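Taken straight from TrEMBL:
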COMPBIAS  8-19  compositional bias 'Basic and acidic residues'
COMPBIAS  20-34  compositional bias 'Basic residues'
COMPBIAS  40-50  compositional bias 'Gly residues'
COMPBIAS  84-94  compositional bias 'Basic and acidic residues'
COMPBIAS  101-110  compositional bias 'Basic and acidic residues'
COMPBIAS  111-127  compositional bias 'Gly residues'
DOMAIN    314-419  domain 'CAAX prenyl protease 2/Lysostaphin resistance protein A-like'
REGION    1-127  region 'Disordered'
TRANSMEM  148-174  transmembrane segment
TRANSMEM  194-210  transmembrane segment
TRANSMEM  348-369  transmembrane segment
TRANSMEM  376-397  transmembrane segment
TRANSMEM  433-455  transmembrane segment
């Protein structure tokens, strides 16, 4: 028995099942309602809604009125305007406008929310219901927990600062332990060897610190399968992969970035080539040495120079150990720590080299206290050094994040250390200075044009963390 339009309506279940069909009826709201399913019939046989929602049983379907329906046994309904539906046993329903659905057993539905429909209309989705694993994951990292994001960012910055202190401290730890302090000569073979050991230990400590932050990052961002993530929520891969120890696309990662980096050095490289050709001509045309013999002499000179470099610890420091150690610590570790902290890759490219530049401040102490130079001289020297090391750090961080390979910034760093800053005075005084100047400008323009296309994640399996991909 239920009230509809002030009259009495009888619901004949057996007749409904026998005759079937679909009827449209109106409740107090005046809006047409339609029952769907096996509860169909004529007259008052439909599961029609009034001011209070129906209570269909078994396999019936209906639409709720002002108060949500109660369903038992495989029922389905749309929530009413005021209250949400109540579902039992494999039910499915849409929540009402005011209150959310109540779910029992293997139920499925949309939560109720604010702002419902009318007497015959369905409610809106929104609050209510119980928390799921998906909702908990979203709350943990999905813009709703600013505290976690803030702590992660602060932890990453402090970790980068700690790594910088450890790296610089490792250069002087042995000297202070021996009581010599900063008075030792940096090019002394014994000092170089001790610093090799110190940098190795600092690099291991940096890797362990990254691994620790990686575990925390994984714990925060791990989410159920099938749940989408934004860029800052992606779960990272293995530690070795994150630090750029990869073998895929190794040839591209070794050659392409170095080739791009050589473009701004086109002028100095052309000048060196011209000088080599002039020296070869001098031997052939002036000294009368046969061309083949002159080439043989040049080959022997190159081999002798390489052997001399291989036996010199200074070259090992400048071209091998320093590039590997500094890129591992200041690019691989620091960049990855900042990414774990939620920084966007563009911000990482700009921010991470500041630690690299600050790591060169210790040269001021060496210049002023050991070399006994004026303070102003030390400030100018270290200031210039910080500027070009920071600029290089921006580029090296860009290369690392774009390629995802550690070998790329290491080789770029080694190449730049070998070339050094361009000798502008020598270029100006060269007898082909105009040509060298034109080539230098063209090389810089070419570098700016091709940098983003060649140093791109698509050339290195598309799995880098570069700004184009993110």
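A Cβ is built for glycine as well, from the same backbone N, Cα and C atoms used for every other residue.
Note that TrEMBL annotation is computational and uncurated.
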Helix-strand-coil residue split for the domain 'CAAX prenyl protease 2/Lysostaphin resistance protein A-like' (314-419), DSSP-based: 92 helix, 0 strand, 14 coil
Cβ pairs under 8 Å between the transmembrane segment (348-369) and the transmembrane segment (194-210), at least three: no
Integer average pLDDT (0 to 100) for the domain 'CAAX prenyl protease 2/Lysostaphin resistance protein A-like' (314-419): 92
Contact set, same chain, for the transmembrane segment (194-210): CB under 8 Å, 6 or more residues outside the stretch: 159, 162-163, 166-167, 169-171, 173-175, 186, 239, 242-243, 317, 321, 325, 328-329, 332-333, 336-337, 340
